[in-house]
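So that you can see what the record holds, here are the features copied from Swiss-Prot:
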| type | residues | note |
| --- | --- | --- |
| SIGNAL | 1-24 | signal peptide |
| CARBOHYD | Asn180 | N-linked glycosylation site |
| CARBOHYD | Asn230 | N-linked glycosylation site |
| CARBOHYD | Asn264 | N-linked glycosylation site |
| CARBOHYD | Asn318 | N-linked glycosylation site |
Amino acid sequence: MRAERLSPLLALGLLVAGIRSVHCLPENVVVKDRHRRVDGHTLASSNTDFAFSLYKQLALKDPNKNVMFSPLSVSMALAFLSLGARGPTLTEILEGLKFNPTEIQETQIHQGFQHLLQALNRPRNQLQLSVGNAMFVQEELKLLDKFIEDARVLYSSEAFPTNFRDPEAAKSLINDYVKNKTQGKIEELFKDLSPRTELVLVNYVYFKAQWKTRFDPKHTEQAEFHVSDNKTVEVPMMTLDLETPYFRDEELGCTLVELTYTSNDSALFILPDKGKMQDLEAKLTPEMLTRWRNSLQPRRIHELYLPKFSIKSNYELNDTLSQMGIKKIFTDADLSGITGTADLVVSQVVHGAALDVDEEGTEGAAATGIGIERTFLRIIVRVNRPFLIAVVLKDTQSIIFLGKVTNPSEA
């Protein structure tokens, strides 16, 4: 007899929205508690490893489709869920998140996420970033006091009584909450909910920043983007002449350009040589990302051509997570740390993401002469074929977005 047919259901919603322009926050904000960032850094390696593992699974499903997701959102939601997991279920989640339970204690992991969450949500100059968690609980469901307290203290989770026996009303309540938290970028996280649902855990991320050196819309023109050998589309192509971190990786056959936001966070664009995308994807590792970031050097790019795009994605992650070793939560889960009984299973894990990249931003005082190594070669970078993008928050080294743009003309 299959457990998932009998057990009350739990659903995870994970979402992120990101866009590119921002209104500056007051410049006299003082950042305190520097030690918290150190705790955040201890998670960076595992989170990056998880990010690339999840990316590879999503990219394999359809190599010709756009991929866009937030590793930070997915990993934080699963860590939140693990608060209530016990035994092999807990071990699977932690190992799936690329932690070694024999080397790091569960409490250290949760405290690390707690400090990371606090670091991400502190007031920042020139960046709007909001990360949060919420629980939607069936009205008569009794949660353990310890789970409620840990969810509040470690994951800053809000809790909302919900009547899942009216699934349409419950869906509207959750989707409206998500829409509000993401400034309208994610409108329908859940397309349906079972009336047997008992609990929904939601993690959201909202990111809004502007380029340090903006693209001039007057220079944006329609240009060809080569989706594949036999398919070309017309897209708005932005162009810029600037000095920015750049690296040509001859070993892997790719070009890297890092564009910074006014907040000094950055977007790393990785452009494989023609026919090299799958080879590059197979070699994505945390060590490779570290090597790339250490190899980036300021260069004058005389002509940078970058497509303007707006991509939304929605994923059901049940099968994907199972392939990554996180299986028990969907079948014979032990989530007794939530209610005291082992009768909950996860019915669905959904993830929504939205990322806009366009010309908007302020022209910041980018360093143009100090520490800049000039080159006599004229560097031209045309991002006119499928590429990878990683948006990285500088102080915590968190990958907030990771994706592949195969066709910028597809929303």
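Just so you know, glycine gets a Cβ as well, placed from its N, Cα and C.
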Site of maximum Cβ density within 10 Å, from glycosylation sites Asn180, Asn230, Asn264, Asn318: Asn318
Pairwise CA distance, Asn318 (N-linked glycosylation site) versus Asn180 (N-linked glycosylation site), rounded so that it is a whole Å: 26
In three-state DSSP terms, the structure that Asn230 (N-linked glycosylation site) belongs to: coil
Between Asn264 (N-linked glycosylation site) and Asn230 (N-linked glycosylation site), the C-alpha gap once rounded to whole angstrom: 39
